[in-house]
Amino acid sequence: MTSLYRANAGRQPWKMLGWLLLIQILVAFVGRSLAPLGVVIGADLSLTKAQIGLLPAALFLGQSLVSMPAGLLADKIGSRKLLMLLAVCLGASFFFMTFTSSLIPLLAVVVIGGIGYGASHPATNRGIMFWFPADKRGTAMGIKQMGVTFGSAMAALVLLPLAGYWGWRPAVLMASVILLAAGVLTYFSYKEPEEKKANLSTKKKNNTLLNFKNLLKNKPLVFVSVSALILSGSQMILNTYLVLFSYERLGISLFLSGTLLVISEVGGSFGRISWGVISDRLFKGERIVVLFIISLLAACVSVLVAFLPASTSYWMMIPIAFLFGFSISGFNGIWMNATTELVPPDQSGLATGFSITVGSWGVMIGPPLFGLILDMTGSFRMGWLFVTSIMMIVMFLLFSVMSLLQKKRNMQAGLFLKKFK
């Protein structure tokens, strides 16, 4: 254990994790409210279904634009200040969103809000990286990443009923104020590890361009990031089309189809913690192996869903939706750990930003591509088999990463033995 982690042993790292989790929950609670509130916002502003679909796309466009700059900023100023900045950016943007009355201004503030949303991952991931040793990092990251699915589910369970009663503007305004207050509270409560603060004040300026070139040469990181692109796209496919599949293909009521989405998000929350514990305790920090298992499980479930008969009941769909979410929505914590552990610690923020930038494109490409398959074939089966096929690509990429890392370990072991000959 390094001096940093020995020093942190009595500094209540789990308490600091609580503040990171709080911000992660509220960022998702505000940012991901666009999905459940889309119908209400669309009715109020007379938007088409395609225009409603632009709302989450605008959020993730903002995320893709900021992920790498936010990673650099996290490396430069640390997590504490960036947590405050991102809470203000997202909270203020959605606060002003409640005063818009047409599509273009609405999309503009959502893109700005996406900048705050996208900065949350580099900021919180860096906190995990410096507060927890490798043998506890998977569990800690899983708990932190659970905040995304938990916040998303809370938006559907809390904000949607409030929007139906008060209207979407008061509901979003209330959520924004809560996030702004939490940002201020976290700024005064969250602490940087002492060694980290010393590093921030004394380290020399890094050659950002050189670091970025090194990231592009890091094949394991690039392959993991492309895998995350596919996994993220598949996760958003599940979130976007599970309700429609259950309603149109299986004949389940719209309300019960909506609860299946919540169940899949709950499965994702359990997955993010469980996969973290599994990677720490069963696989001794081997994140890539766990990502491979997640991809294999997601491929199996998508095949199962593809061949479900039209008579499948709601009760049969409950465990299937949970398991689908457990896999495809539960990978994020392992992904975040893998990206930070494939680079030196002082580049963890940049690596996270790079990987999230790549992964964000999957969110924007996946659902429209799945929808195009549905339109062209008229079959959900072909859509879910498409998900299975891209999971096979992920497994190939991850197997390649495992081979590269094993080769690197063998070379290091050879050099170590050579020194003592």
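Each residue, glycine too, has its Cβ placed from N, Cα and C.
Those TrEMBL annotations? Automatic predictions, nothing curated.
The domain 'Major facilitator superfamily (MFS) profile' feature in TrEMBL is assigned to 16-408. The annotation transmembrane segment is assigned in TrEMBL to 52-74, 81-97, 103-120, 146-166, 172-190, 221-244, 250-267, 288-308, 314-338, 350-370, 382-405.
Same-chain residues lying 6 or more positions outside the transmembrane segment (221-244) and placing a CB less than 8 Å from one of its CB atoms are 35, 56, 215, 254, 257-258, 260-261, 264-265, 268, 288, 291, 294-295, 298, 302, 321, 324-325, 328-329, 331, 335, 338-339, 342-343, 351, 354-355, 358-363, 365-367, 369-371, 374, 380, 383, 387, 390-391, 393-394, 397-398, 400-401, 404. Nonlocal intrachain contacts for the transmembrane segment (146-166), taken as residues 6+ away from its ends with a CB within less than 8 angstroms of a stretch CB, comprise 21-30, 32-33, 35-37, 40, 172, 174-175, 258, 261-262, 265-266, 268-270, 272-273, 325, 329, 332-333. Counting Cβ pairs under 8 Å that are 6 or more residues apart, the transmembrane segment (288-308) and the transmembrane segment (350-370) reach fewer than 3 and are not in contact.
Panel annotation: around the transmembrane segment (172-190), residues 16, 19-20, 22-23, 26-27, 29-30, 33, 37, 79-81, 83-84, 86-88, 90-92, 94-95, 97-98, 127, 155, 159, 162-163 of the same chain, lying at least six beyond its termini, place a Cβ under 8 Å from a Cβ of the stretch.
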